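Novice: Once you've had a glance at the structure underneath, I'll fire off some questions.
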Amino acid sequence: RMFHDDELEESEKFYVGQPRVLLLIYALYNTLVARSEMVCYFVIILNHMISASMITLVLPILIFLWAMLSVPRPSKRFWMTAIVYTEVAIVIKYFFQFGFFPWNKHVDYTKDKPYHPPNIIGIEKKEGYVHYDLVQLLALFFHRSILKCHGLWDEDEKGDSSSNKEDTDDELSLTGGRRDSSASLKSVNLAASVESIHVHFPEQQTAIRRKSSSSISQLSHRSSFSSHRSKRGKYSFKNINHTTLSLYFLQCKLCTIKSHCGLCCFRTLQVYMPIRQFFYNLIHPDYSAVTDVYVLMFLADTVDFIIIVFGFWAFGKHSAAADITSSLSEDQVPEAFLVMVLIQFGTMVVDRALYLKKTVMGKVIFQVILVFGIHFWMFFILPGVTERKFSQNTVAQLWYFVKCVYFGLSAYQIRCGYPTRVLGNFLTKSYNYVNLFLFQGFRLVPFLTELRAVMDWVWTDTTLSLSSWICVEDIYAHIFILKCWRESEKRYPQPRGQKKKKVVKYGMGGMIIVLLICIVWFPLLFMSLIKSVAGITNKPLDVSITITLGGYQPIFTMSAQQNQLKSLDPNEFSDFLRSYRGNTAALQFLEGYAREDITRADLEGNSNSLWTISPPSRNKMIQGLKDFDADFTLVISWTIQRTLEEVYPYYIKAPSDSLAKPIKQLLKGMSPDHGNQSMWENITVSLVKNASEEWWVLNQLGKRQKTPQESLELFIFSDKVSPPSLGFLAGYGIMGLYASVVLVIGKFVREFFSGISHSIMFEELPNVDRILKLCTDIFLVRETGELELEEDLYAKLIFLYRSPETMIKWTREKT
């Protein structure tokens, strides 16, 4: 060994001999130390998700637009800003917890109001108001201690001070010849002004060409100064004119003596110029570690898209109990759902365009707009739409957390720079079963393959037409699938003349057989089992019989209810079945019913209503009965009333179709004593008698309009209908349009995009490596800008598919 120490070896043996639980704790602590920066970010974002106020909003924005964009790591100034800001926020929150403030006297009334000013600012009185701020401060101090242990806390300060000193010396030497002309400005400390504000300006060409005797020496001095800065590892730019910068700030200093406007301009430049220089260095770095995290950003956006689809009710007003399936079944598209989906999809398209164009400046602008826009929407607009605080909206909190992950990945992409070449699909990097099935599943998503191909063609420099581009994409996809199958054949070879193993035959073949049988017989099995296994007995509550002669007034009306509806006991049911012994059709029918499914109704022989008929109709009916040659109809009708749990529906919905139904959402939880139970209205029924007449009177008890007379009150909610000119499309509904129009169109479009390879003569290609390499070469020369070579390689690929003999030579197995 080159280095040997007994104490170090003993220490290593000691730690290796510790219990595994203790070793796991050590490993977790070391992971925490190594990722203390990410721990601080996580705690800050978590604090903002729970507090959701303007006080906690500042640090998350600084994280995504300053800390995560800093190269190579956030500076000491950022961490000091975060620590001081957190301490000030704790003091402010503590100060406003006293009860003498007016808004602290009615906390229970205002605590859930999203637009209450103390709630927006974050100075409301509440329990545990400072817990997460203290955890945040503890994490920041923990990270500061780690930076100090590794000597990284004062690194930026030392580098800045040394660079400032050298810059100051150089600038003083550059401006030494001009001090004679400014002898009256002895009170102005030029060195201090330049040293305190260290900003680099891009050099203007006019400033270089100065007509003075010392211009050559100044330019040579600037070149040596620039090379010296590059040797130190700092960012250096060719166009930097410190003389112009010194004179400019000198003029600003002179302006401060004469007017307040100059002071404001100077202070503004003190803030603006470092920010401008920060983003300029970010967009034009001397060195960049190119990386590609677009796949992770796309996955984060996909997760957010899924959250919106399945939790869209969290982004709307009074829709906490809604779901997307019920809304679509009623042909209603919620506005909040539509806006969120379009915004999320639009950002994914823009992100893809920036990725293909590889423009860091556009990505920086998009990052700034998205960070401010998302935070403004989530914490100032959404609470007003949903009428509940962001801290009470769990789905919105989850969506925001995933979006923060996207912001972090996006900042990492900006800091490292876009990759020089974007070749193929990320699922085609390996040739195994996982990539094969994922790639085929990706191509099965409607319109996703087509949209990706068209977007790539629009935002990629190429000489190919859209049809040629699609042809290359389809050939590449087809060859990739064949390559995966050939690689699987090489990993699991099948010797010649040997039959397939039973595991493969019964495993794969048996699974396919079972799947096909289930698909073929699923409707019959489902309809049979849904009633026999999962069916619920629905006994009748009312059975009515009505007899009518020849269309005149009914002569008999009787109904059976309650005690008159009886179930069969086991003996009666056995006797009933025994009575049909020998009747095959009857027994086959009774097989589908159990004893509890049969109800016996006992009806009285006397009619329960008077026979009211006019004298002319009575005489005409008698004449018809006496005429034995004419036909006289006898109509017997019966009515079986099923289960009705409530009496009177107070609210009725009149949809676009003819079937009106009660609105269950409005009939639940109307009374605080009954919770979420159905509360339909009660009605009273009374019989009123007169001298020779009698009638029934109904009255509703719980009416909104307190009228003294007996009446029934009903609210009808009418759905909007489509215009007559669009009735032929609206009649299908949303799901009908998707099934009959969108999927049909998608099928034809998919055949246009992916049916090209199936028309080629050969499908069984033994070795596709050379064809796959040719496709990859097309992608490569396209990325390098060799567009003429791209045309040549594409022509070669097309010729290969047109020539069967050449294809055979190209796809032979290597010997």
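A Cβ is built for glycine as well, from the same backbone N, Cα and C atoms used for every other residue.
Straight from TrEMBL, here's the annotation block:
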type     : residues : note
COMPBIAS : 213-227  : compositional bias 'Low complexity'
DOMAIN   : 34-154   : domain 'Piezo transmembrane helical unit'
DOMAIN   : 291-528  : domain 'Piezo THU9 and anchor'
REGION   : 155-180  : region 'Disordered'
REGION   : 205-230  : region 'Disordered'
TRANSMEM : 14-32    : transmembrane segment
TRANSMEM : 39-66    : transmembrane segment
TRANSMEM : 78-96    : transmembrane segment
TRANSMEM : 293-316  : transmembrane segment
TRANSMEM : 336-355  : transmembrane segment
TRANSMEM : 364-386  : transmembrane segment
TRANSMEM : 398-418  : transmembrane segment
TRANSMEM : 430-446  : transmembrane segment
TRANSMEM : 466-485  : transmembrane segment
TRANSMEM : 506-530  : transmembrane segment
TRANSMEM : 726-749  : transmembrane segment
Novice: Which residues of the same chain, at least 6 past either end of the transmembrane segment (293-316), have a Cβ under 8 Å from a Cβ in it?
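Specialist: Residues 322-324, 334-337, 339-341, 344-345, 347-348, 351, 355, 382, 385-386, 393-396, 398-399, 402-403, 405-406, 409-410, 412-413, 426 contact the transmembrane segment (293-316) from elsewhere in the chain.
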Novice: Tally of helix, strand and coil residues over the domain 'Piezo transmembrane helical unit' (34-154) according to DSSP?
Specialist: 82 helix, 0 strand, 39 coil
Novice: Pop the mean pLDDT for the domain 'Piezo THU9 and anchor' (291-528) in here, whole number is fine.
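Specialist: Over the domain 'Piezo THU9 and anchor' (291-528), the predicted model scores a mean pLDDT of 84.
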Novice: Is the number of Cβ-Cβ pairs under 8 Å between the transmembrane segment (336-355) and the transmembrane segment (14-32) three or more, considering only pairs separated by 6 or more positions?
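Specialist: Contact absent: fewer than 3 Cβ pairs fall under 8 Å.
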